[in-house]
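Q: The feature region 'Disordered' is assigned by TrEMBL to B:1-26. Under the heading transmembrane segment, TrEMBL lists B:60-80, B:207-227, B:255-274, B:307-325. Per TrEMBL, domain 'FtsX extracellular' is recorded for B:96-187. If you look up TrEMBL, you'll see B:211-326 marked as domain 'ABC3 transporter permease C-terminal'.
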Amino acid sequence: MIAFEHVGKRYGGRFEALADINFSVQRGEMVFLTGHSGAGKSSLLRLIMRLERPSRGRILVAGYDIDRLHYSQVPFYRRQIGVVFQDHQLLSDRDVFSNVALPLEIQGVEPHEAARRVRAALDKVGLLHREKALPIELSGGEQQRIGIARAVVNKPALLLADEPTGNLDPQLSADIMRLFEDFNRIGTTVMIASHDLALIARLRHRVLRLREGRLIADEHAAREVV
Amino acid sequence: MTSGASRRSEKRVPEAAAPRRGARVQRTGLDSRVRAWSRHHRAMARDSAFRLARRPLGSLLTMVAIAIALILPCALWLVMDSAKVLDTELDESATLTVYLSASLGERQAMDIAETLRAQPGVAGARLVTAAEGMAEFQQALGLEDALSELEENPLPASIIVSPRDVSPQAVNGLGEQLDEVEGVDEVRLDLAWLERLNRLAELGQRLTLALGVLFGLGVLLIVGNTIRLAVESRRQEIEVVTLIGATHAFVRRPFLYSGAWYGLGGGMLAWAILSLGRQWLAAPVQALAQSYGATFVMPSLGLEGSAILLVSSTLLGWLGSWMAVSRHLKDIRPR
Ligand SMILES: Nc1ncnc2c1ncn2[C@@H]1O[C@H](COP(=O)(O)OP(=O)(O)O)[C@@H](O)[C@H]1O
Ligand SMILES: [Mg+2]
């Protein structure tokens with residue numbers, strides 16, 4: 001699903017945020033991306049979303065070199081990826097329902113069908129009863145679940161999450177991770193950046209470890225706690 | 001919780017993250033795409049109107065600014081248009097006076113008038129006999145007594161010729177042509193006046209055009225600035241929708257509609273102010289015209305002019321918004 005081949009990323013021509021990254025993720029895998037703050041986790045995810053372009057190397061997603069996408073194709077490429085942010089990035093002037101409906105609105109899904117899918121996604125994250133609420137009326141954990149509902153409403157093949165539990169307590173974090181596992185179980189490829197090492201260790205998934213822009217470990221079954 | 005193997009089951013893997021636009025597009029079909037597109041247009045037209053209505057004072061101020069920018073070139077255009085009415089009146093009165101030799105008798109003079117009438121560039125010819133000429137002259141100058149003492153009429157007969165083509169060159173040519181006719185002593189034409197008037201009209205037209213362009217640019221800037229602020233205030237929204245796959249066209253659309261609404265509102269205000277101004281000025285202008293013994297019809301935009309005003313102000317709003325949004329979308333890159 002994802003393949004990085006000697007990928008490097010420099011910001012401003014000098015600073016090397018990522019250097020010679022090589023890995024591949026199979027379709028249907030669930031992968032954690034970990035490392036200290038500033039290790040390059042977000043940069044790596046942004047490269048996959050094509051928010052940044054690699055300074056060197058190649059990134060293949062579903063077999064396509066995404067650097068060769070014409071800019072007019074980029075929106076259509078992004079529609080195939082669900083993204084969850086640490087700060088959830090919900091629109092404060094829209095209620096829960098229309099926040100989750102946003103990706104479908106962008107794709108021009110017919111309203112009736114869109115409503116059905118939004119409710120299905122809200123049901124999945126257990127917040128169907130809050131569809132009329134404004135994001136500000138929800139707790140941090142609920143907001144994050146709405147963010148996840150928005151990311152999956154379109155049934156993306158690939159789900160990316162950048163520190164999705166960064167602001168949550170351990171119990172809520174575990175809940176959120178379980179949600180990701182649910183989506184992974186139905187075939188979605190999931191990649192989660194997180195520095196919550198204890199949580200990651202408990203979940204026993206493949207872990208990509210970054211340090212200062214380099215991939216220092218690729219552990220297929222994380223057993224030891226660092 | 002689950003083993004790696006079961007997680008890998010690909011039975012229900014959603015569509016591949018295919019970077020071609022094809023996949024989804026083909027599946028949804030052109031027809032439903034067009035419907036989605038027009039649905040979004042309608043939604044954005046409505047949504048942007050509501051957004052304007054939610055800040056009535058700010059929106060009104062922008063529209064007033066646009067209206068002010070539109071009024072000056074429109075007013076000038078109206079003045080020019082009414083001058084054109086005067087112009088055609090003058091054109092109609094643009095005549096050549098053909099003086100006949102004093103030795104000719106009345107009979108011959110009538111024959112010559114006939115000849116002139118038959119000339120290709122001549123629309124009409126009216127004979128003024130020596131006696132008639134004298135009478136007109138006396139009346140005009142109030143010199144009846146002095147002139148009546150003259151034993152012989154010193155004025156020649158003349159023919160007033162109206163040309164078909166009133167452009168200065170054509171009138172000039174016609175004058176030369178008539179001068180050749182036997183029995184014609186002299187041809188007088190008052191071209192200087194005509195030419196001056198034409199130049200004045202051209203000057204007015206250019207001035208209107210220049211002001212139109214300048215103030216049109218002003219409208220673009222006014223709308224552009226307003227839209228720039230709107231884009232800035234919805235920056236987060238733009239970033240988020242860009243992240244989840246909105247095209248530039250999608251992001252731009254609500255702002256284009258806002259711009260068009262501003263333009264339309266400004267155009268309607270300008271129209272209303274012009275109509276009011278017309279009514280306000282009508283009485284004194286009419287009185288002034290009357291004191292000159294002239295009838296003067298106050299110029300108005302009419303149906304066509306009103307349509308042009310509204311359509312072009314709407315387009316200007318749309319264009320100004322397009323320029324502002326396109327410029328600022330480049331700066332907005334999702335974090
Ligand atoms: N847009 C940017 N311009 C310049 N430097 C950046 C930019 N984004 C990230 N960086 C730098 O790249 C490094 C990696 O950042 P990031 O990918 O955000 O790490 P992480 O998400 O692991 O904390 C950091 O040192 C950060 O300062
Ligand atoms: Mg980060």
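Placed from the backbone N, Cα and C atoms, the Cβ positions cover glycine too.
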Q: Report the mean pLDDT of the predicted model across the domain 'FtsX extracellular' (B:96-187), rounded to a whole number.
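A: Reported value for the domain 'FtsX extracellular' (B:96-187) is a mean pLDDT of 80.
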Q: For the transmembrane segment (B:307-325), find every same-chain residue at least 6 residues outside the stretch whose CB is under 8 Å from a CB in it, and list them.
A: 66, 70, 74, 216, 219-225, 227-228, 231, 251-252, 255-256, 258-264, 266-268, 270-271, 301
Q: Please indicate, using numbers and ranges, the residues of the same chain that are 6 or more beyond the transmembrane segment (B:255-274) and have a C-beta under 8 Å from a C-beta there.
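A: Cβ under 8 Å, 6 or more out: 44-45, 47-49, 51-52, 59-60, 62-71, 74-75, 78, 219, 223, 226-227, 230-231, 301, 306, 309-310, 312-322, 324-325.
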Q: May I have the DSSP-based helix, strand and coil counts for the residues of the domain 'ABC3 transporter permease C-terminal' (B:211-326)?
A: 101 helix, 0 strand, 15 coil
Q: Give me the DSSP three-state residue breakdown of the domain 'FtsX extracellular' (B:96-187), ordered helix, strand, coil.
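A: Grouping H, G, I as helix and E, B as strand yields 42 helix, 22 strand, 28 coil.
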